[in-house]
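What Swiss-Prot says about this protein:
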CROSSLNK  Lys154  ubiquitin cross-link
CARBOHYD  Asn106  N-linked glycosylation site
SIGNAL    1-22  signal peptide
TOPO_DOM  23-540  topological domain 'Lumenal'
TOPO_DOM  562-571  topological domain 'Cytoplasmic'
TOPO_DOM  593-596  topological domain 'Lumenal'
TOPO_DOM  618-631  topological domain 'Cytoplasmic'
TRANSMEM  541-561  transmembrane segment
TRANSMEM  572-592  transmembrane segment
TRANSMEM  597-617  transmembrane segment
Amino acid sequence: MASPGASTVFLLALTILAGTQALTPTHYLTKPDVERLRASLDRPFTSLESAFYSIVGLSSLGVQVPDVKKACAFIKSNLDPGNVDSLFYAAQSSQALSGCEISISNETKDLLLAAVSEDSSVTQIYHAVAALSGFGLPLASQEALSALTARLSKEETVLATVQALQTASHLSQQADLRSIVEEIEDLVARLDELGGVYLQFEEGLETTALFVAATYKLMDHVGTEPSIKEDQVIQLMNAIFSKKNFESLSEAFSVASAAAALSQNRYHVPVVVVPEGTPSDTHEQAILRLQVTNVLSQPLTQATVKLEHAKSVASRATVLQKTSFTPVGDVFELNFMNVKFSSGYYDFSVKVEGDNRYIANSVELRVKISTEVGITNVDLSTVDKDQSIAPKTTRVTYPAKAKGTFIADSHQNFALFFQLVDVNTGAELTPHQTFVRLHNQKTGQEVVFVAEPDSKNVYKFELDTSERKIEFDSASGTYTLYLIIGDATLKNPILWNVADVVIKFPEEDAPSTVLSKNLFTPKQEIQHLFREPEKRPPTVVSNTFTALILSPLLLLFALWIRIGANVSNFTFAPSTIIFHLGHAAMLGLMYVYWTQLNMFQTLKYLAILGSVTFLAGNRMLAQQAIKRTAH
């Protein structure tokens, strides 16, 4: 706990407000994210395709593979001159490696030119055109464009359209690329919006990232601003960079390509504004530090950062406006040492300028300025209810404890008065949490009251035993009085043992047994009452019911004894034996159903037994009919 004499301290806790009018980036590649992405791309080559993803992906991040000569040798040794895909991977990979030249034959050139046909898929056309471009070979751009347009009309998938954009970026600027450029607007219309924050294709992250990379590469090539709104760019960015771990090389490659496109294009460069660390600055150096970067966390050191205004959240009063940040290394600093901020929350409106490509360059930062609370003018009084005796007042200085004890009974009340001030500015404070806690030294009983300020911000707590006996359960004794001060903007929350107070209640109100009122004791265990079973009927009723059930069987035996049982026609043919065994089994199944099975299980078994018994019984009766006819 700090004393009132402690030095002034501002604690700044910064968050970017989500409720601002302009959409701000919620996901981007932090420096650890960039390193993780780099590690995902920097893998041993297993094929020419994997080499392409690694080499070109790392190149998008501004990094070369560790061993360029070894990578170039791998490309040459794995190149298949008769395969368009292999030529594409080799051409694009060698372009990203310094000093890696690959020579190809005329037959290979003819193979690539032949692949630029409307009979080829869009993927094959893209790979052939990009390979020709990578090897520096001439190409009839208008013919390639015609083949691409014709084939695209047959393949209307999102990925095929994205590959058409990638293909067009390798064609001559003299070709009429408007039909391909118009596809961008159609693709934007096919994007799915999620919660107003994310924008992506249902095909997934990889396709979305490739679309962003292809769009800006083509627009830089033709010199036209893409038909994508700024908010849509931020939504695409949020969707692409929301994933930090990548399942495949191709996915990591697509994210790296999108990041490079959003960081280095001629039209839209999203700005990321991040408070640096968790600042804790003294009054002599009250500084707000901001990192201003692109999506790859690369500092925008040429930017200009300005504070439009700073407003108190509570009063909405403007306390600072039109102030520039100072660039210091890779960060921008705002020194508000000369501004007397009272504790609380402030909304800082910050704008980044210096390049007309910047988007999402206006952000709102919520700044919490903490201070230290001081307790002054603490008076403890005992006031006679009849006012026949002058109040006895004792002043206490924090953090000391008052000497002696104070008495509150049926004749006199106890009162506590105090004020709370900002030790840095001297201004009065009204924290959110101001409690008086009374702790019974003998039983551990605790009673907590809220201290409220009056119109002059003087806090008062008065204890009248006749009015408060319910809270105390009329339990007399010596109570320790604690003062609790807390608030989110306070650097030094206070728990102060102020004094001992003897509270006396009338003996007739005292409880027979004083129980602890500790708020943190376990609750009484809940005993669950189960429903009592219904009474069984008398034994006579049960026996009578059983006799009635068995009476048909007894009647059967009696009739057999009187008229005789005709067993002369019983045969030991298989059908006869199976029929009677099946009938007995069904009766046994009824018993098992009663004791163990449910209805559905019983029906399943009954269907099997019944079918066998039916067929056997039918056969048995047929044999009996034949026997009678013969006689």
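Backbone N, Cα and C define each Cβ position, glycine as well.
Rounded to a whole number, the distance between the Cα atoms of the residue listed as 'N-linked glycosylation site' and the residue listed as 'ubiquitin cross-link' is 31 Å. Secondary structure of the topological domain 'Cytoplasmic' (562-571), assigned with DSSP and counted as helix (H, G, I), strand (E, B) and coil, comes to 2 helix, 0 strand, 8 coil. For the topological domain 'Lumenal' (593-596), DSSP puts the residue distribution at 3 helix, 0 strand, 1 coil.
For the topological domain 'Cytoplasmic' (618-631), the model's average pLDDT works out to 82. Secondary structure of the topological domain 'Cytoplasmic' (618-631) per DSSP, as helix, strand and coil residue counts: 13 helix, 0 strand, 1 coil. It is Asn106, among the recorded positions Asn106, Lys154, whose Cβ has the fewest other Cβ atoms within 10 Å in the structure shown. If one looks beyond the topological domain 'Cytoplasmic' (618-631) by at least 6 residues along the same chain, the residues whose Cβ comes under 8 Å of a Cβ in the stretch are 569, 571, 573, 575-576, 579. Sequence-distant contacts of the topological domain 'Lumenal' (593-596), counting only residues of its own chain at least 6 positions beyond either end whose CB sits under 8 Å from a CB of the stretch, comprise 602. Under 8 Å from some Cβ of the topological domain 'Cytoplasmic' (562-571) lie the Cβ atoms of residues 623-624, 627, all in the same chain and six or more residues away from its ends.
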